[in-house]
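Enquirer: TrEMBL lists 51-229 with the feature domain 'Succinylglutamate desuccinylase/Aspartoacylase catalytic'. The transmembrane segment feature in TrEMBL is assigned to 83-103.
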Amino acid sequence: MFIKKFKNEEVIIRGERIGLDESKLIRIPIDRLPTGTIIDIPVYVFNGKDAGPTILLQGGLHGDEVNSIELVRRMLIDKTYKIHCGCVIVVPLLNVFGFLNLARDMHGKDVNRSFPGSKRGSLASRMAYYLMKELTDNVDFAIDYHTGGEQRNNYPQIRYTPQDEIASKLAEIFNAPFKFGSKLIAKSFRNECFKHNIPVIVYEAGESLRLEENAIQEGIYGTLRILRHFNMISKTVEIPEAPESIKIIKRGWIRARVAGIFNSGVDNGAQIKKGDVLGHIMDTYGETSFAIKAPRDGYIIAKNNFPIVNMGDPLFHLGSS
């Protein structure tokens, strides 16, 4: 899959060299808070004995996406995943400031709309700049872990750049319940990596500020499938068998046509048929009830868990294969 020389033969971050069969924690300083507290990016590097691909595992680009942070944390502390060849670079928590403030953004700026960043820009812009400057020269491909926004729960899914053949193949190997091509967004991490010929897949699962075991486990298993595919970990590592990913071709949100109290009647990830009643919106006084019906066959790939909705609010993300 990779024609170029493997990059793990010489990994250099912040001027520190990590050779074959070495591991190291490197902290990339970004700024100081008014209190004098240093804001930095902790980067864990695990280099195997033999040459192989270098993969970046990145969590917490948005500070409130705790599922992504917990997923990467669990992989970081599990000693059964010893890297035999290639290199794994792990960033468990990128947006430290947002995490401390239970916020998606960093000081009012979305880090994932700040790439390629600037060393003289905002805190978010500087974090984006140093992430690209220090890590991307070492990386063959990356997995960027995310969750849904506030009260929106994504069923485990992989998103990839359709015109990137390697990213498409990585999505296939990861084998999440759902996968689909997603257009590049200006100033995003995936877009900037695409410009540098670094394939990125984005794992979306769960919702912000809430841990969900299924979302975490699916992400771990998918990551292990990729590591095992490239012989980076032992083939004896147990990974549960899973059905082949369902490729979503068409998707869109079913939105509220009236305001009121929303009651969902369908599970996230469920397969549905056109005309199925997915839930109801009721007025506050119990006088009216509006049924939400599926406009076509498909799967619920995300849903809104917030009970109070206004007209036009997204309720169900419907994907069709």
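Cβ coordinates come from backbone N, Cα and C, glycine included.
Tell me what's around each of these sites.
Expert: With a threshold of 8 Å between CB atoms, the same-chain residues lying at least 6 positions outside the transmembrane segment (83-103) that come near it are 6-8, 11, 13, 18, 39-64, 66, 69, 72-73, 75-76, 111, 123, 127, 131, 135, 138-139, 209, 227, 230-234.
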Enquirer: Please work out the mean pLDDT for the residues of the domain 'Succinylglutamate desuccinylase/Aspartoacylase catalytic' (51-229).
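Expert: Computed over the domain 'Succinylglutamate desuccinylase/Aspartoacylase catalytic' (51-229), the mean pLDDT is 96 on the 0 to 100 scale.
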